[in-house]
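Accompanying notes for the structure given below.
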Amino acid sequence: MKVSVIIPTYNERENLEELFSRIDNALQGLNYEIVVVDDDSPDRTWEKAQELSSKYPVKVIRRTKEKGLSSAVIRGFKEASGDVFVVMDADLQHPPEVIPKLIEAIKNGSDIAIGSRYVKGGKVENWPFYRKLISKGAIMVGRIALPKIRDIKDPVSGFFALRKEVVEGVELNPIGFKILMEILIKGKYSKVVEVPFTFGIRARGESKLKGKTIFEYLRHIYRLMKWEGEIDRIVKFSIVGLSGILVNEGFLWLFVNLGIPKEIAVIPAVELSILNNFFWNDIWTFKDIRRGSIFSRLLKFHIAALSGAVVNFIVYWILLFLGIHYLIANLVGIVLSFGVRYVINRHVTWAT
């Protein structure tokens, strides 16, 4: 088995000698290569990598037109000759000493082995609070928006290994830095394992984190949601929800005109609208991912509806207390309630 260590670089010249030495020590006895994909660094990182190729098994690709970490990794996949690909940064925050553990996980039957900061035994060194908040928030958004990765603790890790078959013939076109998330959604695999590691302190050079990174990440999630069909589901769920409003209002009018008191008539009207919404979501919105009995799904759907109503009520009263107009307060509550109901239904009622 041959291992290809793929390293996208930009202005990492000062780190290469230590990085290559540590990789070499970690992979003693293994057939491996280092594939450096450099975006024409002003500090001539590519040149330093070429110098070190006399000492280590290094293949250097200098890109003068393309830019970006994710596309550099994809180029590395195409140029690599190994059976297993390892992706890592050049800034020494990904410890090369963990690579053998990733490779061992692949040997033991995993298709993808993720170096994880957020499983037991993993951690991040000396990050300020705002960085931790951004990282955890990004992961939470991704896991909610993309059900396929909801059980993965660190789907945005930049340190991972995979069998080459996972990405062979797969069209990858990520936005920004999070190539792993693209692979987890589009790749060909059945088993993923997370290996804990300590995300270290940057040795030298400057962080690549910029303000636009968050925007690119959200664009990437949106694109993956479209690819997965999640945007279509949300649209269908919204249409069904609107039909439920019509059913609710129509039956409320009917029951009141039949002489049922308004205070009582609202109860069967709400229940009929819930049944309407469940029926259409079950045969239309989520028809391809139905699991378990219809009675189990119906019970979970009622729980989601109740949860949404509670959120609507709480948000409404909080905003009223803050002096927000009651119609605006109610609208905000409805929107947040919709989000809660969709998330619960997608991840619980019609979980995949």
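Heads up, the Cβ atoms here are built off N, Cα and C, so glycines get one too.
These figures come from a predicted structure and were not determined experimentally.
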Same topological domain, and so the same side of the membrane, for GLU168 and LYS287 in Swiss-Prot? yes
Just to confirm my parser: what is the rounded mean pLDDT across the topological domain 'Extracellular' (257-261)? 92
Return the residue, from the listed binding-site residues GLU12, GLN93, with the maximum count of other C-beta atoms within 10 angstroms of its C-beta. GLU12
Inside 10 Å of the Cβ of ASP39 (GDP-alpha-D-mannose binding site), count up the other Cβ atoms and send me the figure. 22
